[in-house]
Every structure is written in C-alpha cells, then in structure tokens.
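A.B. asks: Marked as domain 'G-protein coupled receptors family 1 profile' by TrEMBL: 37-283. The transmembrane segment annotation in TrEMBL covers 22-43, 55-78, 98-116, 136-154, 201-221, 233-255, 267-285.
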Amino acid sequence: NSSSVKEFILLGLSENQGVKKICFVVLLLFYTLTVAGNLLIVLTVTSSRHLNSPMYFFLGHLSFVDICYSSVTAPQMISGSLVEKNTISFAGCMGQLFALHFLGCTEIFILTAMAYDRYVAICRPLHYPALMSRRLCGRMVGGSWAGGFLHSTLQTLPTALLPFCGPNKVAHYFCDVHPLLHLACADTRPMGLAVVANSGVITLSCFLILVVSYVVILVSLRGKTLAGWHKALSTCGSHITVVILFFGPCTFVYIRPTSDLSEDRSMAVFYTLITPMLNPLIYTVRNGEVKEAMRRLCRR
C-alpha cells in the first residue's frame, strides 16, 4: 500500500465541546440499551422451548448481528466524545469499514429473509411447515452471512488499496467508504460509482423485495375477516417499522454520489445505533409469546 497516512482523525458528530459532552451521555445510554435489549432477546430465544418457529430463529440472529453492528461504531464514538483528538490507525480504520459493511449487509439479508418468512406464514399457511424447514432457515441465515462477507470484501479491498497521502481528517464518526474517498490522492470517481452500485443496489433491491412482499401480503388479505387482518398486520407491523427505520437512511446515504457528508453523519446515527436499539422493543411490545418467554427467563 502506497499510503503515507498511518492514522486517521475522526471528527465525530460535532467539534463543539458542549455538544460532545451531550453526545457522550446520550450515546452511552443508547449503546447500553442496545446491548442489553438485544442480549435479552438472544437469551430469550435460545433458552425458550416455545420460541422455536423460524420467525424467532431469525429474530435471534438479527439481535446478535445488532449487538455486533452497534459495537463496531458506538464504543469509538463514545470514547471519541471525551478526547480532544479521536484517532484511529489505518488498519483499525479498514477493519472498522469491513466489519461495518459485513454486519450491515448481513442485517439487510436477514431482514429480507424475515419478510419471506412472514409472506409464507400469511399467504401460504398450510404449506408453511414444509416451505420453512429448519434446513432452509439455516441456509438463509448462512447465505446472509456469506453475502455480507462478499459485499464487505468488495467494499474494503479497493478502498484499502487507494493512496492516502494528504489530509487525514475523516468527516464522520466512523470509517466509511464515502468520507475516505474524499481523502484519497487519486481520482475516486469510478470507485465512488462502484460503491453506489454495490451498496446502493443491495439496499435498494432488498428494500424493493420487502415492499413487494408486503404488497402481496396485503392483497392476499382482501377477503379475510377483521381478525385475520389484525393478526397479519400485527406480525408484519413491527417488521415494516424496522425496515423503514433501517433502510430509509441506508438507501439515502449509499444510493447517491458523495456530496454532503454532514447529512450522512446524522443519517448514519439512525442505522448504526437507533434502529438496533429499537429492534428489541419493536419486536417484543406487540408479541405476547416473546414477553411470556422473557418473564419465564427472568423468573429462572
């Protein structure tokens, strides 16, 4: 690597000391809630004999990914709001970039698998046990991890090979492709397009698959009773909420060419911290089975 830059300075969410202190308190609270909430779901799903349907199998994996995903950025952000200069080594920066895209992409694929699961459960209930076998669910989750790994490798390798010789201030609170492209001493336009093609196409196509699956579900409910509508919408409502919160900002950040990085920063807080924190809440508030399993776990 022809980089002369050995470390990067992460500028964080703000350079104002007062704002930094507020950020520290808020982010620490968010991160604690994220880890605690998702850990509780992982423990509940793995320890309960009753939560053995594919939906909970995916939910357990989603919560595990969320713990790892928020841990890639949050600790660096939290410690960064306390120090004057928040630095990260070149290798650390590339590692963070890899982990972020690996886990983020895996999460997108798991959410898509969950939408397929909901579609089969509502539109083809009689074939559900045959269609959503343990083996298929395992393959879907395995495929999600493999897809995330491939996507992340395609994002990180070209970035790591770019020459960085000049300014080393990353206009973000973690290492992401867009802010790093701004710092490279080379023409990064082709690379910028490749990033949009890679990340943008994955987020947008998965988002469209999810939207189509929900349209199909709603259309299939036309002749159903009010109770049928209520049951279907209560199982899908929570998932739709998570999808909008996660995919909205993601698509916004990755589908357009790099321009305004300050917008990206505020948007990124949504999908790196707020959505992982809300996931446990969204999936448990309207779900009696999970709440009951949690009570049993706490009594134990």
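Placement of Cβ uses the backbone N, Cα and C atoms for every residue, glycine included.
TrEMBL entries are annotated by machine, without manual review.
So where do these features actually land, and what's packed around them?
C.D. replies: Counting only same-chain residues 6+ beyond the ends of the transmembrane segment (22-43), those with a CB under 8 A from a CB of the stretch are 12-14, 59-60, 63-64, 66-67, 70-71, 74-75, 77-78, 81-82, 273-274, 276-277, 279-281, 283-284, 290, 294, 297.
Non-local neighbours of the transmembrane segment (98-116) in the same chain are 55, 58-59, 61-62, 65-66, 68-69, 72-73, 137, 140-141, 143-145, 147-149, 151-153, 155-156, 174-177, 199, 202-203, 206, 209-210, 213-214, 239, 242-243, 246-247, 250, 271-272; each lies 6+ residues outside the stretch with a CB under 8 Å from one of its CB atoms.
Long-range contacts of the transmembrane segment (136-154) within the same chain, counting only residues at least 6 positions beyond its ends with a Cβ under 8 Å from a Cβ of the stretch, are 54, 57-58, 61, 98-99, 101-110, 113, 116-117, 198-199, 202.
Residues 105, 108-109, 111-112, 115-116, 118-119, 122-123, 151, 228-229, 232, 236, 240, 243, 247, 250-251, 254-255 of the same chain sit 6 or more residues outside the transmembrane segment (201-221) yet have a Cβ under 8 Å from a Cβ within it.
Same-chain residues lying 6 or more positions outside the transmembrane segment (267-285) and placing a CB less than 8 Å from one of its CB atoms are 13, 27, 30-31, 33-34, 37-38, 40-41, 59, 62-63, 66-67, 69-70, 72-74, 100, 104, 172-174, 176, 238, 241-242, 245-246, 248-250, 252-253, 291, 294.
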